[in-house]
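According to TrEMBL:
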type	residues	note
TRANSMEM	12-33	transmembrane segment
TRANSMEM	76-97	transmembrane segment
TRANSMEM	118-145	transmembrane segment
TRANSMEM	157-179	transmembrane segment
TRANSMEM	191-209	transmembrane segment
TRANSMEM	239-259	transmembrane segment
Amino acid sequence: MNIFFRELKRNIKSFIIWTASMVSLNALLILFYPTIAEQSKQFEAILKAYPKALLAAFNMNRLSFSNILGYYGTEAYTFIMLFGSIYAMILASSILSKEESEKTIEFLLSKPITRSDVVTGKLLCTGLYIFLFDLIFSLTNYMFFEIVKKSSYDMKAFLLISAGPLLAHLTFAAIGFLISTFVIKAKTTMSISLGVVLGSYFLSIASGLTDKLENLKYLTPFKYVDAADLILNKRIDSIYMWIMFIVVVVSISAAYIIYNRKDIIA
């Protein structure tokens, strides 16, 4: 039995729904850009009345609505980061546990495959779907940029804001994959997935409110690939790259160890 292709088939519907939904939402937001750009001075004047800490939390003090990268970084980028991370977490945190919750694990392990084979097949499926999700989103995003742009934009910055969400999504997926080895109930995995992603998102907001909370940024992938940093600095900080790498490696390694040692509930 080929676990990889089995999982591709089982998860194709949710992949299509999530991808189509995010592309559609992004199209709607990007198509508003020409109108926003024409009134950017008025918008920015209104924003000056907002607390500086609030503007900093959402990058509105660093990016401008007048150019498409700045507009995307303050609007649509948040949605692909947030909802893409939720998709990655839900997919990864349920892909192993559902065999036990749906009572199919006994049948699966009766086949000539090892537990490591099961983990590997499901891991590859998760990684492929997340990669395709971000690839399709980025390609359509480029198309939308080209349609509505009023001037040229920095391609390196565009590539970074395309790669950033992928790295964050893979990081969340690795955490979710680890969770999937010891949480069985579907409702529980859903709750944990939403809790982890939303908790990380609120930590990223809090880290930008005051200097006292700034160190919270090391606890949330949302800050590792912050839109303003990517657009203005045109690079991902090496310390964030290392943190994501370590989280992914440790989470996946732990998932293999736990799943091979756990008592399977058939």
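Backbone N, Cα and C define each Cβ position, glycine as well.
Curation plays no part in TrEMBL annotations; they are all automatic predictions.
Among the listed stretches 12-33, 157-179, 191-209, 239-259, the one sharing the most Cβ pairs under 8 Å with the transmembrane segment (76-97) is 157-179. Sequence-distant contacts of the transmembrane segment (118-145), counting only residues of its own chain at least 6 positions beyond either end whose CB sits under 8 Å from a CB of the stretch, comprise 2-4, 6-8, 11, 15, 18-19, 22-23, 26-27, 30-31, 68, 72, 76, 80, 84, 87-88, 91-92, 95-96, 99, 108-109, 153, 158, 162, 165-166, 169-170, 173, 177, 252, 255-256, 259-260.
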